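Peer 1: One structure is given below, represented as structure tokens, and several questions about it will come after.
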Amino acid sequence: MTNDYRFEFRPYQRRFLRSLTTNHGKWDIREGIILRLTDETLRVGWGEIAPISWFGSETLEQVLDFCRQLPGEITDETIFSIPDELPACQFGFESAWEWGSWKWGNEFFSMPNAQCPMPNAQSFSALLPFGEAALNQWETLWQKGYRTFKWKIGVDAIADELKIFESLTRILPASTKLRLDANGGLSYEEANLWLRTCDNLKANAELPLEIEFIEQPLPVEQFQQMLELSTSYETAIALDESVATLKQLAACHQQGWREIFVIKPGIVGSPSRLRKFCHQHQIDTVFSSVLETAIGRLAALQIAAELSRNNRAIGFGIDHFFEQEETWFQTLWNDL
Ligand SMILES: O=C(O)CCC(=O)c1ccccc1C(=O)O
Ligand SMILES: [Mg+2]
């Protein structure tokens with residue numbers, strides 16, 4: 001692209017096919033903005049800004065304020081000087097700037113025909129519904145080819161969740177990997193109980209499935225306790241909320257975190273700086289969605305394909321896709 005772009009944006013709101021329940025409650029509607037850059041040769045780049053403020057990114061209001069104060073014509077300088085307080089904006093603008101430079105043919109997608117990359121379900125992790133519903137839903141996802149599942153914990157009473165978990169471990173087939181995501185919702189005692197339970201399962205050689213990790217057991221403020229837990233148990237811990245942005249990621253790494261880092265490209269910040277960090281430090285990563293729409297998803301998957309290096313499934317299961325995926329975009333940009 002040349003150095004000057006026409007900048008346009010449209011806010012959107014979309015209802016999930018199924019709501020996402022975490023220990024922060026129920027989430028039904030995704031709000032964000034789609035942006036378009038058009039250069040002097042009329043080449044177009046699309047970007048998505050899909051913040052999750054409860055997770056540590058900027059708010060939607062901050063995104064809207066930022067976009068509204070920009071002029072209709074912007075430059076590379078504008079794109080690469082977005083402040084770190086707006087990480088989802090950094091992602092949206094930079095990925096629109098990169099749009100069109102990507103190649104589709106990697107471990108996540110095979111190319112049966114040049115038009116349509118086909119996701120390779122085995123490389124993706126699928127979200128199970130929370131609570132007991134997981135027990136009847138995993139099979140449909142298994143049939144679609146998923147072999148890695150994520151189940152939310154820290155939503156209900158721990159005794160109930162442990163019971164469902166025990167059933168899950170007995171019914172899931174061999175060669176399944178299971179991730180438990182607490183979204184920072186456990187107490188220190190509960191985190192110990194979950195880790196001990198998982199370690200005991202691991203010691204039981206008859207158990208066919210693998211507990212891959214527990215994600216963000218404690219709140220962000222309790223980094224030292226998580227560091228201690230990571231050395232006390234066999235079961236791995238993945239940081240997620242603690243490393244929501246690039247700045248937090250660097251700080252946790254600097255303070256000695258050597259287990260797994262979940263990276264959500266949609267809110268982590270500048271893709272170019274993320275690439276630099278990952279190339280510099282060979283960290284163990286899991287790439288994950290922010291439940292963005294197809295625009296942000298393409299950009300996030302591109303980054304995941306470039307930077308994944310440990311065979312870990314990526315958290316971009318298709319389980320939360322939106323309704324009317326084709327017509328939505330045309331309505332949003334009615335000049336297409
Ligand atoms: O990471 C995944 O496997 C799916 C995505 C996911 O769980 C998620 C999606 C939106 C917001 C927060 C989270 C999370 O990992 O906690
Ligand atoms: Mg998580």
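Just so it is clear, glycine is given a Cβ too, placed from its N, Cα and C backbone atoms.
Look at TrEMBL and you will find 131-236 tagged as domain 'Mandelate racemase/muconate lactonizing enzyme C-terminal'. Per TrEMBL, active site, proton donor is recorded for Lys152. If you look up TrEMBL, you'll see Asp181, Glu215, Asp240 marked as Mg(2+) binding site. Annotation source TrEMBL lists active site, proton acceptor at Lys264.
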Peer 1: I'd like to know which of these active-site residues, Lys152, Lys264, is least surrounded, judged by other CB atoms within 10 A.
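Peer 2: Per-residue Cβ counts within 10 Å for the active-site residues Lys152, Lys264 bottom out at Lys152.
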Peer 1: What does DSSP say about Glu215 (Mg(2+) binding site): helix, strand or coil?
Peer 2: strand
Peer 1: Could you tell me the C-alpha distance between the residue listed as 'active site, proton acceptor' and Asp240 (Mg(2+) binding site) in angstrom, no decimals?
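Peer 2: That separation, Cα to Cα, works out to 8 Å.
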Peer 1: So, three-state DSSP: helix, strand or coil for Lys264 (active site, proton acceptor)?
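Peer 2: Lys264 (active site, proton acceptor) sits in coil per DSSP, no helix or strand.
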Peer 1: Check the recorded positions Asp181, Glu215, Lys264 for any whose Cβ is under 6 angstroms from an atom of ligand 2, and report them in sequence order.
Peer 2: Asp181, Glu215
Peer 1: Who sits close to Glu215 (Mg(2+) binding site): which same-chain residues at least 6 apart have their Cβ under 8 Å from its Cβ?
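Peer 2: Counting only residues 6 or more apart in sequence, the Cβ neighbours of Glu215 (Mg(2+) binding site) under 8 Å are Lys150, Arg179, Leu180, Asp181, Ala182, Asn183, Ile237, Ala238, Leu239, Asp240, Val262.
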Peer 1: Kindly point out which of the recorded positions Lys152, Asp181, Asp240, Lys264 have a C-beta less than 6 Å from some atom of ligand 1.
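Peer 2: Only Asp181, Asp240 meet the Cβ criterion.
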Peer 1: Tell me the residue counts in helix, strand and coil for the domain 'Mandelate racemase/muconate lactonizing enzyme C-terminal' (131-236), as DSSP assigns them.
Peer 2: 56 helix, 16 strand, 34 coil
